[in-house]
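J.: Pulled these from Swiss-Prot:
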REGION    1-20  region 'Disordered'
TRANSMEM  68-90  transmembrane segment
TRANSMEM  94-116  transmembrane segment
CARBOHYD  Asn158  N-linked glycosylation site
CARBOHYD  Asn163  N-linked glycosylation site
TRANSMEM  176-198  transmembrane segment
TRANSMEM  255-277  transmembrane segment
TRANSMEM  290-309  transmembrane segment
TRANSMEM  342-364  transmembrane segment
TRANSMEM  377-399  transmembrane segment
TRANSMEM  412-434  transmembrane segment
TRANSMEM  472-494  transmembrane segment
DOMAIN    527-687  domain 'STAS'
Amino acid sequence: MDESPEPLQQGRGPVPVRRQRPAPRGLREMLKARLWCSCSCSVLCVRALVQDLLPATRWLRQYRPREYLAGDVMSGLVIGIILVPQAIAYSLLAGLQPIYSLYTSFFANLIYFLMGTSRHVSVGIFSLLCLMVGQVVDRELQLAGFDPSQDGLQPGANSSTLNGSAAMLDCGRDCYAIRVATALTLMTGLYQVLMGVLRLGFVSAYLSQPLLDGFAMGASVTILTSQLKHLLGVRIPRHQGPGMVVLTWLSLLRGAGQANVCDVVTSTVCLAVLLAAKELSDRYRHRLRVPLPTELLVIVVATLVSHFGQLHKRFGSSVAGDIPTGFMPPQVPEPRLMQRVALDAVALALVAAAFSISLAEMFARSHGYSVRANQELLAVGCCNVLPAFLHCFATSAALAKSLVKTATGCRTQLSSVVSATVVLLVLLALAPLFHDLQRSVLACVIVVSLRGALRKVWDLPRLWRMSPADALVWAGTAATCMLVSTEAGLLAGVILSLLSLAGRTQRPRTALLARIGDTAFYEDATEFEGLVPEPGVRVFRFGGPLYYANKDFFLQSLYSLTGLDAGCMAARRKEGGSETGVGEGGPAQGEDLGPVSTRAALVPAAAGFHTVVIDCAPLLFLDAAGVSTLQDLRRDYGALGISLLLACCSPPVRDILSRGGFLGEGPGDTAEEEQLFLSVHDAVQTARARHRELEATDAHL
């Protein structure tokens, strides 16, 4: 233990405060302890490991059927009913057959039931991920030589016409598309599992909420644009790469005259019904114990009308086509394709992880329990790794379905088993009944599901008033998603977020503090009235960390606010230059901090102060450049007869100052007691006492 400065209290003696340093522990000892804890083999350790990897084995033993079962069954049935039409619809986004969406929904629910730590999150197909998967699938299909104007829901897609390069493949379009999707999914899952094993769950925190909202907005516009051709029944090429949204709109305008009247009428009716039902459901949700299964009702009615009205034969309306039943045999994803999509999987893994962890934490906070971010990464990763061998594509947590689970009384992840059972029933028996379902109806389901994300644009003005930097991140991410690509939008959002963070730390708020009346508290003299400046002492606050990027701004701020360029004046004194005085009044409070003024005094009497106190409470950390800056500043002030004191330093900052040579070398060295203080008031009182002693000594001499 080393003795820290003793704060002086008015009317009382000094209160001894001692800091207890933690026992030094090297990297070797720390790794040895972690390995010993992790690798020790016993029945209890194995049981704890299994329970950590499969949380269901822990909470199932505490399950209370009388309290939980009714809510879990109800929410599971509702989610299962919603999953079926969404799975069929989202296959349009992924460019795959509907059967693969059903596979994905089935296996993802079962795996997350075993491995997830959230009680309310619904994991399965997600529109944004389906869009990203579809973009990669379309690109690889085009590179393989398939006709990009065809899509996987078109009857006869497996026997579609190939050009020269595609003729070398051993399967058709749909077969190759699912191979690409499974390779992408396996790589995505491997990245997520690796992040979970390496305890990188904190990485998702760097994808801020404005970034995710802007990404959702931009991707939703891209999804909406991709579905317009199905709403209108227009056959246009599927554009890829930068400018896809703009090129698609131009193609739609050129082909608007070829719109299918039957699809337009169907889309108009379905959109009106779905939007009206959603608005009414949102308005009266407090009266509805169970959300209305509007999507399922619309799909059932539309399928019956299409079947008995023979809309495909009479009007050429596009339909879903054959949807097989049962399960296909497992297949190992191709390593060659995994190499091609490895980079695409990085963006997919980050987006899925960020949405899954943020949703899990959101529902955990609102319902009073905790989740483990690293286990969520493992769970979502396994929801991608294992199903990749079973003809599934990438999944993550979905907000809309998770909200429905909560609203319908979900208590545990047992509801996911009920949802998987509903999907299994469709897979085994009911899938062929959707043969005559129009694709325009599926597009309507997708478009209506984007309401929440598209409405986020109305949050932009409020976000701008609250934080312009966050608003720029939101707008930049959304614009890049729409004008370039979703992957580029994610990258742009991350870069803008990092630049925003760097900008805030590079030029933090600075101020000179003054005393609040006769109290021991100090505040910004420009923000509050009636504050009393301390004569002969300048109290400076730097509202951020001190590191290599802002050390020059730190010095400029300090010199400008105090009216004394200590570095310049100390150099002039060393060179034997002439004295210069401080301008009357010094710099105005709050004016722009440009080049440091050279009008300064060489002695404290001319400068108007004898001590500078730096309030280090906002100083989160220092690096080597920051410590060097403080050392140079102390030397320059010392050359002018001015003292430099630090107040409110946190223990980590004290340690950095000690290791950097700013303080004395030995424990208990008086240098620390002379320079570091527990409060600003202690530093000011000590500075005034020292100055009085110095004046008394000079007078005596």
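For all residues, glycine too, the Cβ spot is worked out from N, Cα and C.
These figures come from a predicted structure and were not determined experimentally.
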J.: Might you confirm whether the transmembrane segment (290-309) is in contact with the transmembrane segment (94-116), defined here as three or more C-beta pairs under 8 A between residues 6 or more apart in sequence?
T.: no
J.: Hey, does the transmembrane segment (290-309) touch the transmembrane segment (342-364), meaning at least 3 C-beta pairs closer than 8 angstroms, sequence gap 6 or more?
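T.: Answer no, regions not in contact.
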J.: Could you check whether the transmembrane segment (68-90) and the transmembrane segment (472-494) come into contact, where contact means at least 3 Cβ pairs under 8 Å with the two residues of each pair 6 or more apart in sequence?
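T.: Result for the transmembrane segment (68-90) with the transmembrane segment (472-494) is no.
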J.: Could you pull out which residues elsewhere in the chain have a CB under 8 Å from any CB of the transmembrane segment (377-399), counting only those six or more residues past its ends?
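T.: Counting only partners 6 or more residues beyond its ends, the transmembrane segment (377-399) has Cβ contacts under 8 Å with 53, 94, 96, 99-101, 103-104, 107-108, 111-112, 115-118, 121-127, 129-130, 132-133, 178, 181-186, 188-197, 200-201, 327-328, 330-333, 348, 351-353, 355-357, 359-360, 452.
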J.: Excluding the flanking five residues on each side, which residues at least 6 beyond the ends of the transmembrane segment (176-198) place their CB within less than 8 Å of a CB in that stretch?
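T.: Here the qualifying positions are 94-97, 100, 133, 136-137, 140-141, 144, 146, 152, 166, 169, 331, 333-334, 337-338, 340-342, 344-346, 348-349, 352-353, 374-378, 380-389, 391-394.
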